[in-house]
Amino acid sequence: MGAQVRLPPGEPCREGYVLSLVCPNSSQAWCEITNVSQLLASPVLYTDLNYSINNLSISANVENKYSLYVGLVLAVSSSIFIGSSFILKKKGLLQLASKGFTRAGQGGHSYLKEWLWWVGLLSMGAGEAANFAAYAFAPATLVTPLGALSVLISAILSSYFLNEHLNIHGKIGCILSILGSTVMVIHAPQEEEVTSLHEMEMKLRDPGFISFAVIITVISLVLILIVAPKKGQTNILVYISICSLIGAFSVSSVKGLGIAIKELIEWKPVYKHPLVFVLLAVLVLSVTTQINYLNKALDTFNTSLVTPIYYVFFTSMVVTCSAILFQEWYGMTAGDIIGTLSGFFTIIIGIFLLHAFKNTDITWSELTSTAKKEAVSLNVNENNYVLLENLECSAPGYNDDVTLFSRTDD
């Protein structure tokens with residue numbers, strides 16, 4: 001009989017549960033609990049347990065750090081693929097328009113014969129797949145805000161390949177988005193709170209999350225059934241609020257399905273778990289609702305307003321849902337929480353500058369020339385003020401006049 005191993009906190013100790021063990025030869029073993037008995041007190045046993053606990057803690061920390069880096073790479077890769085896909089598809093559509101084919105906006109489907117458009121579509125598919133996989137390795141608090149990088153990459157590539165002008169506001173917005181993303185990566189949660197479907201099920205049964213889900217569902221139904229038919233065409237926040245509220249459930253479902261796929265790769269019988277099918281149904285329903293109302297928002301209101309507002313609302317709801325469901329913030333220090341929020345708000349400002357002023361044609365040379373003109377006019381006004389002040393000081397006062405006339409009389 002080998003050394004006894006103590007399960008880490010949070011792992012269930014019950015018959016039939018499968019757990020992972022890291023072996024000394026850099027391999028991994030899967031063990032199934034077949035018998036549960038009471039622990040007998042023994043000094044030697046406690047020594048072995050402490051040794052095992054230390055080894056498990058070290059291996060768990062290494063695995064968590066590795067998973068975080070994998071999730072980060074997948075999230076950034078997703079943004080690159082998705083941001084590039086917009087440029088590739090737009091380039092393909094422009095080539096078709098230059099050849100005289102019917103445009104897609106006019107009901108044409110000739111883009112299906114354009115290879116560049118298909119490359120863009122495949123790039124978007126690869127980006128969505130990478131984003132899906134990122135949720136299985138990294139916290140949603142980190143993965144979701146990094147989606148702003150796709151907007152940044154699309155804006156930069158469009159200025160080079162589509163000859164679209166990127167003004168000074170857009171460049172500042174890109175810099176702020178990069179800085180905000182970097183800050184969020186530095187202060188992101190380092191450990192995953194949910195690593196198995198069993199843990200996911202326990203989190204979903206938490207009273208706090210159940211209350212949150214009920215409140216979100218009620219608000220969404222009120223917006224869909226009552227508010228949207230009356231105010232949807234005049235208030236931009238109605239459609240975007242529906243997309244954002246439902247989006248919290250879609251990201252949570254993606255997170256759970258990502259964990260299920262990871263366990264399936266590890267040859268665990270996840271298909272027997274009913275939670276997988278529940279998460280899949282919630283994902284399909286929430287994504288369908290999101291696409292429907294996001295299309296309504298884009299068709300009704302200006303895209304430059306819809307995009308930044310939707311990003312802020314959607315990301316805020318995802319971060320809130322992650323804090324309640326996965327409790328990713330509980331293990332973070334106050335400095336990391338402040339850093340994460342600061343990075344998020346910096347990204348918001350960058351996205352706002354990138355979209356809100358994209359039609360404003362202002363260059364850096366115009367700003368510098370305007371500043372020089374203001375400085376010159378300010379100097380002229382100061383010189384006039386000094387000249388008037390000197391004239392006033394040099395003019396004879398009333399007392400001087402009295403003294404002058406009195407001397408004359410003498």
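Cβ from N, Cα, C; glycine included.
Topologically, per Swiss-Prot, Cys31 is found on the other side of the membrane from Gln233. Checking the candidates Asn50, Asn302 against Swiss-Prot, the annotation N-linked glycosylation site falls on Asn50. Long-range contacts of the transmembrane segment (115-135) within the same chain: residues 71-72, 74-75, 77-93, 95-96, 143, 147, 150, 251, 254-255, 257-258, 261, each at least 6 residues beyond the stretch ends and with a Cβ under 8 Å from a Cβ of the stretch.
Across 68-88, 137-157, 166-186, 274-294, 337-357, stretch 274-294 shows the highest tally of CB pairs under 8 A with the transmembrane segment (234-254). When Cβ-Cβ distances under 8 Å to the transmembrane segment (306-326) are tallied for each of 166-186, 208-228, 274-294, 337-357, the top count falls to 337-357. Secondary structure of the topological domain 'Cytoplasmic' (158-165) per DSSP, as helix, strand and coil residue counts: 4 helix, 0 strand, 4 coil. Beyond the transmembrane segment (137-157), the same-chain residues lying 6 or more positions past its ends with a Cβ under 8 Å from any Cβ of the stretch are 67-68, 70-72, 74-76, 78-80, 82-84, 86-87, 127, 131, 166, 170, 173-174, 177-178, 180-181, 184-185, 188-189, 192, 251-252, 255, 258, 262, 307, 311, 314-315, 318-319, 321-323, 326, 328-329, 340, 343-344, 347, 350-351, 354-355.
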